[in-house]
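Annotated features, as they stand in TrEMBL:
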type	residues	note
BINDING	16, 18, 37, 40	Zn(2+) binding site
């Protein structure tokens, strides 16, 4: 078997800008800084904005008429 064929598998620290730190095992050579994680992402925190698509449908029908009604 060849030696030094596979990359080294080691502990890597991933830090989010919100301050949360994740320790994982990876073949990455350096620690990472990420912009968003499960701790601060709007979907996971419940702060996600809901889009009212009713207005979009009305605007579409206003622009293109009733010939494209779905």
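Backbone N, Cα and C define each Cβ position, glycine as well.
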Most Cβ neighbours within 10 Å: which of the binding-site residues 18, 40 is it? 40
Non-site residues, in chain order, whose CB comes within 8 A of the mean position of the CB atoms of 16, 18, 37, 40 at Zn(2+): 17, 19, 20, 34, 35, 36, 38, 39, 41
What is the total of other Cβ atoms whose distance to the Cβ of residue 16 (Zn(2+) binding site) is within 10 Å? 18
Can you name the residues of this chain that are 6 or more positions from residue 37 (Zn(2+) binding site) yet have a C-beta less than 8 Å from its C-beta? 16, 18, 20, 22
